[in-house]
Amino acid sequence: MSGESLVAGSFVVADYVVFALMLMVSAAVGVYYAWVDRGQRSSGDFLMGGRRLTALPVSLSLTASFMSAITVLSNPAEVYRYGASIGFYGLSYVMTIVFTSEVFLPVFYRLAVTSTYEYLELRFNRATRLLGTLLFIVQTILYTGIVIYAPALALNQVTGMNLWGAVISTGLVCTFYCTMGGLKAVVWTDVFQLAVMLAGFLSVIIRSVVLKGGVFPIISDSEQGGRLNFWDFDTNPLRRHTFWTITIGGTFVWVSIYGINQAQVQRYISCKSLGHARVSLYINLLGLWSILLCSVFAGMCLYSVYKNCDPWKAGLVSAPDQLMPYLVMDILGDYPGLPGLFVAAAYSGSLSTVSSSINALAAVTVEDLIKPYTNMSERHLSWISKGLSLVYGALCIGMAGLASLMGGILQAAISIFGIVGGPLLGLFTLGILFPFANSKGALSGLVSGLVVSLWVGIGAQIYPPSPEMTRPLPLSTEGCNFTVIDSLNWTSTALPTQLTSITTAPVHNLDSRPGLADNWYSLSYLYFSPIGTIVSISVGLIVSLFTRGYRLKVESRLTLMKEDTTPYYLIKFFKDRVLRRTGKFDLTKDRDKNFGNTNPGFCDTEMDLTKTSIPT
């Protein structure tokens, strides 16, 4: 018996109304900005919002862009199965925002680029720019496929709605408002969708707290079930989640998203000043923390409710990512409209991410693959941007089909960002922080980093790490109600047959596993990004030095200058204040200033005049 048959048809009219309302508001924003900006014909207005956006909407949009349905569905399931250690992402967010605002933001903002990959041509050469652009396009289409597929799973589980009907409708709504309204529509729909995501989480959390009699029983259940496994400081890089893998690996993954990913950079460059851009990043940090806190606590609620009867092991859901929608229907089914709100939250997360991706894909294609090779008017480029939004929308829908084969959604998404984002992060870091890095070093570094991260990433898919390293926590079916469903063998601890759909790779006989499988391929998936970044930088620096990169004269605006950093201004401010204050007590200075020229009879200028009157 599948989960779909148990809950299908449980959506009522109020749920559909809430859900449809979210879709209509998102589409209406696109129509509104298409109408308001109908007089603006340039691709810059469409792709960059005319560079007139302010800090608050941009910060909320930054938060919504990568807080997708993956966060709404997979983070709670992650806590349920592996514990709340992902809460340490909060630390990696802090390091990410500081690094982005101090290193990448000042350079990109100063150059006023539309595509981040324009920087690569300015700093290195066109070949580097093209390779970077193509990698970004592949990475984004793959990731967006996963993001479309995730809420479709939720809809399929909760409402019995056709899975592929849901996938296609998600893609179509996104594509519609991206094509109509450009970046402004994307930013303002993100703001609305972030509010829906938080409301969806809160509805589940509040109902769970009421059901369990308070917050403390939920925390106590999580502690007894081993879910509060925060203090895991094991340095073994093969362990899937520890303090180190999440804070170090997570920082690299998120810097590759915030620092150089077109979808994020495009937002803060569209701010009207550098100050607004910096502030938007720090306000966004509060948004990231609030969503993370909600998703981790929702996972604790999930465990508290099902600690004695795990729906996954019992065969009531066919994949861990369906646990949250199952909980929603279980505890909120009697409250018309609230299940609709939660599904709207998952859907909102998806829409915000997919729309950002489509807009970013259109921007890099116009700026990197069309503009340099053609001589089109701005009006034509604007129409091409809209056409590309349509094309990429269709491509991303197609990619969702591939995502359905990729197993655990959260891990698949982060793996894609690590494998491709790591080497790209290394490439941009080379350009910005190392003035002697040249184009030969940059290209060889990027290719080397990509080869190594693909090697470890694909190896990990083929030979998944052992349970000793992933350490899933125990789940129980002892408390399940035997009388409800007779067709299931509730006492069985084996997983039912339908769970084969979540297997990410074929199970290999231990004897046939290569020697690399138990060390190199078993590395935590969060380390894929640091490996790619470090290899890319190291090879890039070595090749640059051997090819006489130290003779290179690089324009200062293309690298990080001390004047770009906040510490420079803090030190300058501190010095000025200290010197000004100590100056009051400097008696010799005061004497010169206050008493030196009081008598006009002894004034230097008079003596100078007599001096100049002497004929030469």
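Yeah, the Cβs are placed from backbone N, Cα and C, and that goes for glycine too.
Note that TrEMBL annotation is computational and uncurated.
Residues or ranges marked as transmembrane segment by TrEMBL: 16-35, 55-74, 86-109, 130-155, 161-179, 191-210, 241-260, 341-366, 387-406, 412-434, 441-463, 525-547 (among others).
Residues 15, 18-19, 21-23, 26, 43, 47-48, 61, 64-73, 114-117, 133, 136-137, 140-141, 143-144, 147-148, 150-151, 154-155, 158-159, 170-171, 173-175, 177-178, 182-183, 185-186, 189-190, 192-194, 196-201, 203-204, 261-264, 266-267, 324-325, 328, 332, 381, 384-386, 388-389, 392-393, 396 of the same chain, all 6+ positions outside the transmembrane segment (341-366), place their C-beta atoms under 8 angstroms from a C-beta of that stretch.
Using the rule of three or more Cβ pairs under 8 Å, pairs at least 6 apart in sequence, the transmembrane segment (130-155) is in contact with the transmembrane segment (387-406). Between the transmembrane segment (191-210) and the stretches 16-35, 55-74, 241-260, 441-463, the greatest number of Cβ pairs separated by less than 8 Å involves 55-74. Here the transmembrane segment (16-35) sits apart from the transmembrane segment (387-406); fewer than 3 CB pairs are under 8 Å, leaving out pairs fewer than 6 apart in sequence. A Cβ distance under 8 Å defines the sequence-distant neighbours of the transmembrane segment (412-434), meaning residues of its chain 6+ beyond its ends; these are 70, 103-104, 107, 116, 119-120, 123-124, 128, 132, 135-136, 138-139, 142-143, 146-147, 249, 252-253, 255-257, 259-261, 403, 406, 441-442, 445-446, 448-450, 453-454, 457, 460-461, 504, 525-537, 540-541, 544, 558-560. Outside the transmembrane segment (387-406) by six or more residues, the chain places 141-142, 144-146, 148-150, 152, 167-168, 170-172, 174-175, 178-179, 354, 357-359, 361-362, 365-366, 412, 504 with a CB less than 8 A from a CB of the stretch.
Long-range neighbours of the transmembrane segment (86-109) within the same chain, counting only residues 6 or more positions beyond its ends whose Cβ lies under 8 Å from a Cβ of the stretch, are 75, 78-79, 116, 119, 230, 241, 243, 246-248, 250-251, 253-255, 257-260, 265, 268-269, 274, 277-278, 281-282, 284-285, 288-289, 292-293, 296, 428-429, 432-433, 557-561, 564-566.
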